[in-house]
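The following features are taken from TrEMBL:
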DOMAIN    44-224  domain 'ABC transmembrane type-1'
TRANSMEM  46-67  transmembrane segment
TRANSMEM  88-104  transmembrane segment
TRANSMEM  110-129  transmembrane segment
TRANSMEM  173-193  transmembrane segment
TRANSMEM  205-224  transmembrane segment
Amino acid sequence: MGLLAGWQAAVSFNWLTSSLLPAPLTVIQDGITLWQSGELPKNIAISLYRATAGFAIGGSIGFVLGLMNGLVRPIRALLDSPIQMLRNIPHLSLIPLLIILIGIGESTKISLVAIGVMFPIYINTYQGITTANPELLEMGHAYGLSKRDLFTRIIFPGALPNILMGVRYALGVMWTTLIVAETISSSSGLGYMATNAQEFMRMDTVLLCILIYALLGKVSDLIAKSLERVFLSWRQGGVEA
């Protein structure tokens, strides 16, 4: 609040140029106007759809690949090295290739988010599965647990902290990627709103979009932390960031 008050005062006393950095009240008023016109909620909904669709697709692929490579050695030998090679390619550099392959529609934006999300979840799932406590596994074998019971009682619970850490990191990547994806010949979404406003020097709208992205990112992080508390409640002391 102190930062916002200082920002407002700096603009009010002309210490900052309002055309370059509008006052917080101006940004809020712009947000109210855009909300009442229906433009803001529409673009927020579109951005949320792209983000959740990309996260669901990329997260599912990363999780399944992490499980398969972590549990089955022949699959690991076949797939892990190519995946690691692809992981080292900055996913945003794939934009020209995606445009050539699938055009500039929704599929490109969702695919870009999915690619960005996939690797953090894959790496953390794979790491969690392959670093299962060997003493617990040995004890499970001694008690005659089946492979299924070993997985459900020892391997997967032990991997959950890593998996949820990957989810939390992937959520951050999701929003960062979406900002870029929505500047690709887009006609909707928060990224489009910011780019369009920048062309007309509407800095109040640009700042509004940035603040909404920051708010969505914070909400996503809080959701991830809540998932950690729910699924890792069995860990002594819980998980705190």
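Keep in mind that glycine also has a Cβ here, set from the backbone N, Cα and C atoms.
Just so you know, TrEMBL annotations are computer predictions that nobody has curated.
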Thinking of Cβ pairs under 8 Å, which stretch from 88-104, 110-129, 173-193, 205-224 has the most of them with the transmembrane segment (46-67)? 110-129
Surrounding residues of the transmembrane segment (88-104) on its own chain - C-beta under 8 Å, 6+ positions past either end: 111-112, 115-116, 119, 177, 180, 184-185
Near the transmembrane segment (173-193), which residues from the same chain, at least 6 beyond its ends, have a CB less than 8 A from one of its CBs? 39-40, 42-44, 46-47, 50-51, 54-55, 91-92, 95, 99, 104, 108-109, 112-113, 116-117, 120, 205, 209, 212-213, 216-217, 220
Within the same chain, the residues 6 or more beyond the ends of the transmembrane segment (205-224) and with Cβ under 8 Å of it are 21-22, 27, 30-31, 34, 40, 44, 47-48, 51, 164, 167-168, 171-172, 174-175, 179, 190-191, 193-194, 197-198
Looking only at residues six or more beyond either end of the transmembrane segment (110-129), which have a C-beta under 8 A from one in the stretch? 50-51, 53-55, 57-59, 61-63, 65-67, 69-71, 80, 83, 86-87, 91-92, 94-95, 98, 102, 155-156, 158-163, 165-167, 169-170, 173-174, 176-178, 180-181
